[in-house]
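**Student:** Sharing a structure, written as structure tokens. Questions coming.
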Amino acid sequence: MTQSSDAPAARRRTFAIISHPDAGKTTLTEKLLLFGGAIQLAGQVRAKRDAAQTRSDWMGIERERGISVVTSVMTFEYDDRVFNLLDTPGHEDFSEDTYRTLTAVDSAVMVIDAAKGIEARTRKLFEVCRLRDIPIVTFINKMDRESRDPFDLLDEIEKTLALDTAPMTWPLSRGRSFAGTFDLARNEVRRLDADEAPIKVSGPDDPAVLDLLPQDERDAFLEEVSLAREGCNPFVLESFLEGHLTPVYFGSALRNFGVRDLIDALAAYAPPPRSQQADTRLVTAEEPRMTGFVFKIQANMDPNHRDRIAFIRVCSGKLSRGMKAKLVRTGKAISLSAPQFFFARNRSLADEAWAGDVVGIPNHGTLRIGDTLTEGEDILFRGVPSFAPELLRRIRLQDPMKAKKLREALQQMAEEGVVQTFVPADGSAAIVGVVGALQLDVLVERMQAEYGLPISFEMSRFSVCRWVSSDDKAKLAEFVEKQRSAIAYDLDGAPVFLATSAFSLKYEQERAPGIEFTEIKDYQIRQAA
Ligand code: G4P
């Protein structure tokens, strides 16, 4: 079946913003929404950011209102496109959630602080995007402040991320004298003080450009532009779509500058909903039958209802309110009677959603992260990977009589992705693993509030873990047997090797040829488990 270019799926652009805290993600999100006409709600972004900002505030909000402030999907229309911006939690401790959200987008905007360049969190999030070759548009923000040399920044992106850069615009000065940008390919200038309407010029030496610059910066600007044009990569759509090259825009989110460039770039270049790999075949967005996967579970979003919302990325077809879908993991049908769209803190019933859209499905624990929904077909999306936790703790239960209840509760928490759980092969107490310490606080709170289980943590003697697998089943079994005291099983029953230090991990790794140690558990390992 051929689709016209205005088919609902083809109009969708589903993306996220990746950045280090403080680079300007919240400000940029607001400005994108303003552009997209979602203006009346833009203030909520900041309200949410402020609420989510500190650990204690966040926990306080959870406690007082029983809501979570960590998720939203913002939808706006511009230039005949429907943009779905998947917001990721601001707090860095929530990185596991952030990682999972990135499995549901088709492109990403990388925001870089012009004074700081690539920072730790940006790099990590970028690596997650790279796993799926997600195309990235780069926005170098805060040009209105003292900033680093643009070539330096481009060079840093190329070197630290191994990602080619194609500057699309060039800044007219920086800091206090930042006056706008020059479009390298189109010979246009956008002035900071003129609502960004582009002005066609004859070239970088046009007086309409040079007059914007301080006298003593003009020669250097001309040199930079010619160097950028001759020495930098040109923008090649195909390389961008393959995730090898990023177009780079300069701007200032605070001054509302460069935002139009960014949104135009997303409209023109960002891909429509991508085909998704399932176990037996590739599923394309245009297929008429609905498929989707759960990438996130959010509990307690509404203080009045103890509901859990499973966030589903629709991969193909149309999801309609009232339809029945097959939950492939169990083979059972579930009724999608109240799918919801979320916008910041508001939600509304979703009558229909298309490939690329994200809907929330209220449920009572039926759905878990990584689940596939279809209209009947038995396929499983490779979907959502797990990342080796960075903190491991043993759980101490204050009332040992409640061990069974603890197991059930932990299973639920692991299915929701609050923590990962590992059951040691030698029968010792369960280990929980998290990427950020805040996840541990959330676990304690929820175990008490929802299950009446007071728990605390003990240091585990292990500090590193890796999933282990092998093409040779006998070899894996032998390894697991030999290392029994350092083996645990995850939620799916996949074996994990626990090490006391990075050094001992490396040591054991070298002594176990044929065994693969992985930091990211993807579909293959899940299947083998
Ligand atoms: P984040 O979500 O990535 O953590 O960053 P956020 O947008 O909250 O921005 C962090 C700080 O940087 C904010 O200042 C914000 O106003 C400022 N900022 C964002 N974009 C720009 C820009 O283009 N130029 C300049 N000069 N500043 C920018 P703050 O003082 O921490 O917060 P606020 O008091 O302004 O809210």
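Cβ coordinates are placed from backbone N, Cα and C, and glycine is handled just like the others.
As annotated in TrEMBL:
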DOMAIN    10-274  domain 'Tr-type G'
BINDING   19-26, 87-91, 141-144  GTP binding site
**Student:** Going by DSSP, is LYS25 (GTP binding site) sitting in a helix, a strand, or coil?
**Tutor:** helix
**Student:** Using a Cβ cut-off of under 6 Å to any atom of ligand 1, determine which of the binding-site residues SER19, ASP22, THR88, MET143 qualify.
**Tutor:** SER19, ASP22
**Student:** Other than its own, how many Cβ atoms are within 10 Å of the Cβ belonging to MET143 (GTP binding site)?
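**Tutor:** 27, counting other Cβ atoms within 10 Å of MET143 (GTP binding site).
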**Student:** Roughly where does the domain 'Tr-type G' (10-274) sit in mean pLDDT, to the nearest integer?
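**Tutor:** Averaging the confidence scores along the domain 'Tr-type G' (10-274) gives 86.
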**Student:** Helix, strand or coil at THR88 (GTP binding site), per DSSP?
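**Tutor:** Its secondary structure by DSSP: coil.
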**Student:** Would you mind pulling the DSSP three-state label for MET143 (GTP binding site)?
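**Tutor:** Coil, per DSSP.
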